[in-house]
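Trainee: Taken from TrEMBL, the feature domain 'HMA' applies to A:90-156. Look at TrEMBL and you will find A:174-193, A:205-225, A:246-264, A:270-288, A:420-442, A:454-479, A:739-759, A:765-787 tagged as transmembrane segment.
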Amino acid sequence: MKSSSTSTDTLCFHCGNEISGELHIADEKQFCCAGCKSVYQILNQNNLCNYYNYNEAPGQTRQETEQHFEFLNEPKIFSQLVDYTDDNITLITFYIPAIHCSSCLWLLEHLHKLNKGVMQSRVDFLKKQVAVTFNQHIVSLKELVELLASIGYEPLISLQDVVKEKKDSVNRDLIRKIAVAGFCMGNVMLFSFPEYLGLSSFEHQFQSLFGWLNLAFGSVVTFYCSRDFFVSAWGSLKNKIVNLDTPLAVIVAVLFIRSAFEIITGTGPGFSDTLTGLVFLLLMGRWVKQRTYQHISFNRDYRSYFPVAVTVIKDGQEKPVPIGDLNIGDRILIRNNEIIPADSILMKGEGYFDFSFVTGESQPVNKVLGEIIYAGGRQIGEALEMEIVKPVSQSYLTRLWNNETFKRNDNKIRNFNDTIARYFSAVVLVIAFASLGSWWVLGDTKKAWDAFSAVLIVACPCVLALSTPLTLSTVLGIFDKNGFYLKNTDVVEQLARIDTVVFDKTGTITCPNVVNLTFTGRLSLQEETLIASAARNSSHPLSREIVKWLGASGLVPVSQYREMAGKGIVAGIDGHEVCLGSRSFIAPDSAVNENSSSVHISIDGNYKGYFHVRQQWRSELKGLIDTLKGGFRMHLISGDTSSENKSLEAIFPSYVPVLFKQSPHDKLNYIKKLQLAQYKTMMLGDGLNDAGALRQSDLGVAVTDNINNFTPGCDAILQGDELGKLPRFIKQAKDAVRVIKYGFGIASVYNLIGVYFAVQGQLSPLTAAVLMPLSTITIITFTNIANRYFAKKNKLK
Amino acid sequence: MNILYFLIGCSVLMALIFLGAFFWASKNGQHDDVHTPAVRMLFDDDKPEEEQV
């Protein structure tokens, strides 16, 4: 095998990629492709070359595909996409995955220099969004999107953006409550301080004022900030279950009632300090738990993959129609690289479909007139006319989302907190009633009520409510640094329970971008040069691989060149005719196995041989399987054919069940079957075809090489090159659950000390006010140190 | 010591003003994006047209 590096050190000025093909030059700067060069020229013309000053090679290579944005001129789609519009101004928010550095930010906020119609553009860097205000009379939405695409920032417009989800409001409400609780806590602390230090005689006049002020702040915290706890506790009691919020609500209520009683009757200072501090910390715990990744979406379905609109041919007229409005019998026009939105019959043209969304098989399939093509296939080649035979939502692939799996709410396993809350509440109630009873029997009714309420106050599971989210969010942070993104903190506990791992094949355990080429046949040096010269003109990934593989120098200029998408290329070089392409295109009658992916070569009509394309296993795969072998059951389910069976055997132990040609529904049912056998299943997949299995599994992990790419709905997203760390992630999750349990143990010690005072009816507000933050600080310190320690032990960053 | 009543009133009022300011900022979306402004302020101002040759 030849080395695949062409030792050219020239890097593209725009995107920083190594220049392997033809060199493009403008202003003495070198570019890897015409796309990069054209972006530079646009920026140069508009005095926007500062773009290149903030970062080295800030651009990204642009896929030179023909884009059709005509649908943006449709009033119906327009009104669904924009945030606001009136006679002169339109406001729209785009999601642009290419945003990655400060140069992007700078350029996108200078859009007004590129087009006078743009009034203002603001970037939200972490969300990768741009809010553009523009005058729709000067620049139409279509032109605006084309402008963005021309400078390499093509916005992603999908149906899920049309259905804009507003989830910030919940978070904003919580932040407001935290602010109020913090405000009340600070003031109450101030007014409680004299009480802690002991009041001198002349200060007693302030005592009742401080008391009443504290009560006022305390009632705000009880009735406004703690509302959610009461609502949640009430909800769960109605369903006859006890969750963590139940004891919390009881404590808040008891604290408030006792404080109010003491202050109104003038018998004591009350517990407002503890009350406000407790609620503040509890809300902080909730906030930590709610923080999620804003730029990653875990809830995508097929609508994200499908175009917003397709071109419908009606009475000889082409008209873009939103996908939701498609009907059976509509004639649609599918151009190169467009996805078929609904099961349809091929009426005109030659179809080459990439069904990798549906089956995982990336090799294009040839379809003839009259065949039914499943939705999700991507046409590669000429434009087609098709007739829809099934509605979008009832098509083969999209029917997956009608499965009951997608309709039920998460019925994931109970977490540690809710389990322990039941026992905890029971024990606390028993102690509280026991002390009430014993003081009653002894004849001291006042002390009986004191002790009763004190036990409830001091035996607070607030540590659970705080340490668990803190521990889990620390783990989330650790995973984040290692390229593993979880949907929320609950997923950590799921991860700790996993005992079965199910792999998808294509894209999950293979590298989608790296291929292994082997050549069958004979080539002379001159022929190699001819092939390399022809292939470097094509942007097809396989052509690029072939150029790299041949590593030829002294390329010859190409006089004639024609590329037929889905088929191959024909080039006239030096009087020779060089053809590269699929078997049916080059040599329809050769005896090569059709199942394997291959690129065939003929020069001057003579068949020379073929490149065999084999998918490359991820380099970490072997190590991963060897580590998982010890503690986990493994399964492999793949949508494609079994051509790579032999190389699989070298990696997977023979007892691992390997299934091929699994439809998306088969995959879902396979997971279901495993779950019926009581296995806690983790599914690793990458495409839409795994969406059902990912959703059904106890933990669905989408594996991707670029987290900004579309991933199907899942619980976690794992970067492809970090796949090898999976066993360590599981270990870390198990450790985190252990940390939570230890934290609970430590908290119980503090609780016992508090209960010791409480049952004697001697709990002073000061003791309560000291014990609670002290235990909190201990727990926070402990969980933090323990998590970092385990992370280090598990060799995670 | 009666001045304390006045001072307590002042301190609560001040705190309420700050709380109000926070609410106002939150309502205006100042906490929605806490990353971009930090990057944005580092850019140079655009030079006048004639200097850009």
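Keep in mind that glycine also has a Cβ here, set from the backbone N, Cα and C atoms.
A quick note: this is a predicted structure, and the numbers were derived from the prediction, not measured.
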Trainee: Below 8 Å between Cβ atoms, which of the listed ranges A:174-193, A:454-479, A:765-787 makes the most pairs with the transmembrane segment (A:420-442)?
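Mentor: Stretch with the highest Cβ contact count: A:454-479.
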Trainee: As a test: from A:174-193, A:246-264, A:454-479, pick the stretch that has the greatest number of Cβ pairs under 8 Å with the transmembrane segment (A:270-288).
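Mentor: The stretch with the most contacts is A:174-193.
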Trainee: Six or more residues out from either end of the transmembrane segment (A:765-787), which same-chain residues have a Cβ under 8 Å from its Cβ atoms?
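Mentor: Residues 192, 195-196, 268-271, 273-274, 277-278, 281, 454, 457-458, 460, 462-463, 466-467, 470-471, 474-475, 478, 735-736, 739-740, 742-743, 746-747, 750-751, 753-754, 757 contact the transmembrane segment (A:765-787) from elsewhere in the chain.
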Trainee: Would you kindly list the residues that approach the transmembrane segment (A:174-193) from elsewhere in its chain, counting only those six or more residues past its ends and only Cβ-Cβ distances under 8 Å?
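Mentor: Residues 210, 213-214, 217-218, 220-221, 224-225, 228, 269, 272-273, 276-277, 279-280, 283-284, 286-287, 290, 765, 769.
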